[in-house]
Amino acid sequence: MGRLVLLWGAAVFLLGGWMALGQGGAAEGVQIQIIYFNLETVQVTWNASKYSRTNLTFHYRFNGDEAYDQCTNYLLQEGHTSGCLLDAEQRDDILYFSIRNGTHPVFTASRWMVYYLKPSSPKHVRFSWHQDAVTVTCSDLSYGDLLYEVQYRSPFDTEWQSKQENTCNVTIEGLDAEKCYSFWVRVKAMEDVYGPDTYPSDWSEVTCWQRGEIRDACAETPTPPKPKLSKFILISSLAILLMVSLLLLSLWKLWRVKKFLIPSVPDPKSIFPGLFEIHQGNFQEWITDTQNVAHLHKMAGAEQESGPEEPLVVQLAKTEAESPRMLDPQTEEKEASGGSLQLPHQPLQGGDVVTIGGFTFVMNDRSYVAL
C-alpha cells in the first residue's frame, strides 16, 4: 500500500495542480482544508472571504469518469455552508471536487485523500507496572504504517518526555515508583508513507499513576529551590583569593629586596648643576667654572648651627705671670721635692685632637686656632 500511495501520489499531485491551475481565476480568495478521519470520513471545509454570505455548494466524485454528485451533509457556519462530510470508508481514491456559487465554479481541484489522514484516538489504553518501568498498550488500528506515541511527565519535569513504537505496545523504563506520573497517548501517520500533510490523532485522556496505582491527579509542580552557592564554588573562590593575595605579597617582598640590594642611583644632574646642561658633561670645565662659587649644601635634616664659630686662642706666656695659685700642703710638698704637678688623665672627647707646644686640644666643627 505504501509504495502504491507514493507512486500514485506524485501523479495525482501533478494532476491536481494542473486542474487547480486550470480554474485559477475562480480559486482566488478560497482556502480549503481536507481531513480524512481514520480512513472513514472525509471532511472538506472552505473559507471563501469573497463569498462569506453565500451558500456555496460542494460537488465531488471518486472517479474521474463519473459525474459529479452534490454533497448531502453540509457544515454550517453563521447560517451559511462552510464544509462537507463524505463517507469514504477504507478508500485509497482521489477526490475530485468543485465548490460552486450556483452554477459558477469557485474552486476546482483533486487530492489524494490519504495524504490528509488523521487517525482516531487510541482506545482501551492499559498500563502494566513492573519495578521501575511501565508498559502502555492499546487497541491497534485496522491499518498500518502508524506510530503510537506515549508522552509522560512528573511534577518535577519541565517538559513532556516522549517514546513511540510501530505498535501500541510501548515500554518506558527508568521511572521512579515514588513519583506521580501523568500519561497520554496518540497515533501519528508515518510521514514517509502518507506524506507531510497528515494530522496526528487527538490525545487520549490523561492518566495519573504512582506506586503502580492510578491517581486522580498529580500534585502541582513544586517550586524549584532557589539556587545556592555550592561548596565547590565557595572553596574555589577562596582558593583563588588566597592565591592572588600571596602573589601580591610576593611581589611586594620582591620589590623590598630589590630596593635593599640595588639602591637607587641619584641623578647627577641634581648634584652637579650645569655639568650636563652647560658643559656637556666635561667635569674639568665645570670645576674650573664653579671652583670660586661652590655652595655648601647641607644635608636635609642636619642640625642647624646654634651660633658663630668659637675661636680657640692659645697664648704662650710665662707661668710666673699667672695669678697666684692656692696650693694645698701636699701639693707644696711635691713641688718642694722637685716633682712636677701631675693632673689626673681624662679621655679626650668631642672632635679632632690638636697638639701645640706640648698642649693637647680637642676641636669641634665650630673652633679654630689662632697663634
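Even glycines carry a Cβ here, placed using N, Cα and C.
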- Swiss-Prot annotation of motif 'Box 1 motif' - which of the ranges 117-125, 261-269, 297-305, 342-350 it falls on: 261-269
- Message: Just confirming the record: what cysteine out of CYS168, CYS218 does Swiss-Prot connect to CYS180 via a disulfide?
- Response: CYS218
- Regarding the disulphide bond with CYS84, report which of CYS71, CYS138 Swiss-Prot records as its partner. CYS71
- Task: In whole Å, note down how far the CA of ASN55 (N-linked glycosylation site) lies from the CA of CYS84 (disulfide bond).
- Result: 12
- Query: What is the interatomic distance between the Cα atoms of CYS180 (disulfide bond) and CYS71 (disulfide bond), given in whole Å?
  - Reply: 49
- For the domain 'Fibronectin type-III' (118-211), the DSSP helix/strand/coil residue counts are 4 helix, 42 strand, 48 coil
- Taking just the CA atoms, what is the gap between CYS71 (disulfide bond) and ASN169 (N-linked glycosylation site) in Å? 40
- Note on the structure: Between the C-alpha atoms of ASN47 (N-linked glycosylation site) and CYS218 (disulfide bond), the distance in angstrom, to the nearest integer, is 42
- Note on the structure: recorded positions near ASN101 (N-linked glycosylation site): from ASN55, ASN169, CYS218, Cα within 10 Å gives ASN55
